[in-house]
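Student: Here Swiss-Prot flags 1-23 as transit peptide. Look at Swiss-Prot and you will find 15-53 tagged as region 'Disordered'. Sequence annotations record features per position, and here Swiss-Prot assigns compositional bias 'Low complexity' to 15-26. The transmembrane segment annotation in Swiss-Prot covers 97-117, 122-142, 147-167, 175-195, 203-223, 255-275, 283-303, 332-352, 369-389, 406-426, 434-454, 473-493. Under the heading domain 'STAS', Swiss-Prot lists 518-642.
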Amino acid sequence: MSYASLSVKDLTSLVSRSGTGSSSSLKPPGQTRPVKVIPLQHPDTSNEARPPSIPFDDIFSGWTAKIKRMRLVDWIDTLFPCFRWIRTYRWSEYFKLDLMAGITVGIMLVPQAMSYAKLAGLPPIYGLYSSFVPVFVYAIFGSSRQLAIGPVALVSLLVSNALGGIADTNEELHIELAILLALLVGILECIMGLLRLGWLIRFISHSVISGFTSASAIVIGLSQIKYFLGYSIARSSKIVPIVESIIAGADKFQWPPFVMGSLILVILQVMKHVGKAKKELQFLRAAAPLTGIVLGTTIAKVFHPPSISLVGEIPQGLPTFSFPRSFDHAKTLLPTSALITGVAILESVGIAKALAAKNRYELDSNSELFGLGVANILGSLFSAYPATGSFSRSAVNNESEAKTGLSGLITGIIIGCSLLFLTPMFKYIPQCALAAIVISAVSGLVDYDEAIFLWRVDKRDFSLWTITSTITLFFGIEIGVLVGVGFSLAFVIHESANPHIAVLGRLPGTTVYRNIKQYPEAYTYNGIVIVRIDSPIYFANISYIKDRLREYEVAVDKYTNRGLEVDRINFVILEMSPVTHIDSSAVEALKELYQEYKTRDIQLAISNPNKDVHLTIARSGMVELVGKEWFFVRVHDAVQVCLQYVQSSNLEDKHLSFTRRYGGSNNNSSSSNALLKEPLLSVEK
């Protein structure tokens, strides 16, 4: 009788008729060296017929236990993160650094804030308002010590687009809606922080973020060209209407604003790049916006060129308390509020975590999100529009060696002094100077280096970058975000439902088994297929896994090259060490697969499941179904045992050899491999 002609059922029945016999008779002729097998300890499920139900109260047991352990100091640190650095502040070491960093960022923020307010379709003073109260509040409630918050270009463009279809920029309603938007954004950020939902943003690919940001930067830059050209262009978040209006108004082109704007832009770019290239001159990077403002204001005040439009009168004094109005438009603004909240998570939390890692302290992204929310809520009570973390100002703050949130308080003081004493001077600032500051700031957001990197490394991510940036350019920022997020989620779902599965082979001279496609020298054995599943197994991917296993069973010649010739697969070994989780649907599907294998005389073996996976399998009854003797600690143990059966098919007394080795799972079962009872195998210490 050949090995292939013996079914599992026949072998099991032979075991029941074979009797106990002496152990020495179990050693097949010609077998001289025992196989060493490490016994796999199976979990005790005698008192756990089914997984224990989890009481509703236990779901929050971790939180309640943590709350009970919290002391008064812990509560203060949680509610007011600033106390973490206040208690340990080293005045002699930190104050000078924080002072210089705060002044540097403040000097940079004043012109930027006015520029971004113009981008949002608001009077410049509202940029300063958005840089005042939110900065102070964030210094108290924010957990990052280097993040610089305030108006940013991308959020300003989103505000302009959201409000453009509701109210004209000259209307008071436009301002009221921008302030209401800050309140809505703050509420959403607080809710997400309290519910610890910051992890949702992980589903958005970095290539999507880069493509969206790059396209938005191009749109922002083009929208500011009107101040260089001297005539109005279409307000749009799409590139085509902007370009068409630029071409259509070419006959209105004026040289003075173009020359002044271009000159200031060149100066800004040179100072920025020199400051980044040389550490001893990094102050130039922060001073660049102020330099552009001073230069433009001086030219405008001295020469009074009539074709260059100026900012005009700016109210003097600090913002007054007022509650946001126009709540009847709140429902219309909710989608934009959600979008700005997403940008805040991407931009602010991403920067804050990177800076925290660089400065070696822990940062909770949910606490950070809550701090941003409080800053926007309180800011909206003092005429601020949505504020978030800035790439450029945070980088300058960190490069200036800011140590704590005190630098943010000093930045707020600089803004307050500007509101109290400097606003009369701002009326002579040319519009083209503010536009140059915006263009200079967003030019660094066009991430063409990332596109080149993605093309070289990962074509799929490059396609994501290209799709997102193209859709954003031609169909608008909102559509671009939705499409980018949709593609990100589609890729996540595809990867989850189609996990990587590898056929393993043995590396020559070792007991190590690796992917045969990655290691061509690895060899496998005829009649045995070893499959590694590199993901959790659950309802969404179990069907794909079963289909792949069936493919490997059919394509036996493709994956085998050593051992005795057999006409089909007799053993399938599942290497489950990478499997971190398995759900009930997957377990039921594996049980069905085992029964399917059984009808075709194929034995299933499982290697190295982790504790949780092993426990789930045991509770489902699969261990008893397959047999405890077919669960192994190592792939090599499973292969050696399977090889014994394959090799014994050519030895004398085949029936007895097969019978004793294919002992039924219900007979002589123990917590260790049943074959360990035979002298053929020994336990490896």
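Each position is counted from 1, following the chain as shown.
Backbone N, Cα and C atoms are what each Cβ position is placed from, and that goes for glycine too.
Bear in mind that the values here come from a model prediction, so they are computed numbers and not experimental data.
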Student: Please identify the stretch among 122-142, 255-275, 283-303 with the greatest number of Cβ pairs below 8 Å relative to the transmembrane segment (434-454).
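Tutor: Comparing 122-142, 255-275, 283-303: 255-275 has the most Cβ pairs near the transmembrane segment (434-454).
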Student: Using Cβ distances below 8 Å and needing 3 or more such pairs, separated by at least 6 in sequence, tell me whether the transmembrane segment (283-303) contacts the transmembrane segment (97-117).
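Tutor: In this chain the transmembrane segment (283-303) contacts the transmembrane segment (97-117) - 3 or more Cβ pairs sit under 8 Å.
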Student: For the transmembrane segment (473-493), name the stretch out of 97-117, 147-167, 175-195, 203-223, 255-275 with the most CB-CB pairs under 8 Å.
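Tutor: By Cβ pairs under 8 Å, 203-223 leads among 97-117, 147-167, 175-195, 203-223, 255-275.
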Student: Taking 97-117, 175-195, 255-275, 369-389 as candidates, which has the most Cβ pairs under 8 Å with the transmembrane segment (147-167)?
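Tutor: Per the Cβ under 8 Å count, 369-389.
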Student: Assess whether the transmembrane segment (406-426) lies in contact with the transmembrane segment (332-352), where contact requires at least three Cβ pairs under 8 Å among residues 6 or more apart in sequence.
Tutor: no
Student: Apart from its near flanks, which chain residues at least 6 from the ends of the transmembrane segment (203-223) lie with a Cβ under 8 angstroms of it?
Tutor: 119, 153-154, 157, 233, 235-239, 242-243, 246, 342, 346, 438-439, 442-443, 445-448, 450-451, 454, 461-462, 464-470, 472-473, 477, 480-481, 484-485, 487-489, 491-492
Student: Do any residues of this chain, six or more beyond the ends of the transmembrane segment (332-352), have a C-beta under 8 angstroms from a C-beta of it, and if so which?
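Tutor: For the transmembrane segment (332-352), the nonlocal Cβ contacts are 143-144, 146-147, 149, 152, 154-155, 158-159, 161-162, 166, 177, 180-181, 184-185, 188-189, 192, 198, 201, 204, 209, 363, 365, 368-369, 372, 386, 388-391, 394, 478, 481.
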Student: Do any residues, 6 or more residues outside the transmembrane segment (369-389), come within under 8 Å Cβ-to-Cβ of it, and if so which ones?
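Tutor: Result: 81, 117, 120, 122, 126, 129-135, 137-138, 141-144, 147-152, 155-156, 159, 175, 178-183, 185-194, 198, 319-324, 340, 343-345, 347-349, 351-352.
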Student: For the transmembrane segment (122-142), find every same-chain residue at least 6 residues outside the stretch whose CB is under 8 Å from a CB in it, and list them.
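Tutor: Sequence-remote neighbours of the transmembrane segment (122-142) are 80-82, 109-110, 112-116, 149-151, 159, 169, 174-175, 178, 182, 311, 314-315, 318-319, 368, 370-372, 374-376, 378-379, 381-387, 405-406, 408-409, 411-412, 415-416, 418-419, 423, 426, 429, 434.
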Student: Counting by DSSP, what is the helix, strand and coil composition of the domain 'STAS' (518-642)?
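Tutor: Secondary-structure breakdown of the domain 'STAS' (518-642): 58 helix, 23 strand, 44 coil.
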Student: Need one number: mean pLDDT over the domain 'STAS' (518-642).
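Tutor: Average per-residue pLDDT within the domain 'STAS' (518-642): 88.
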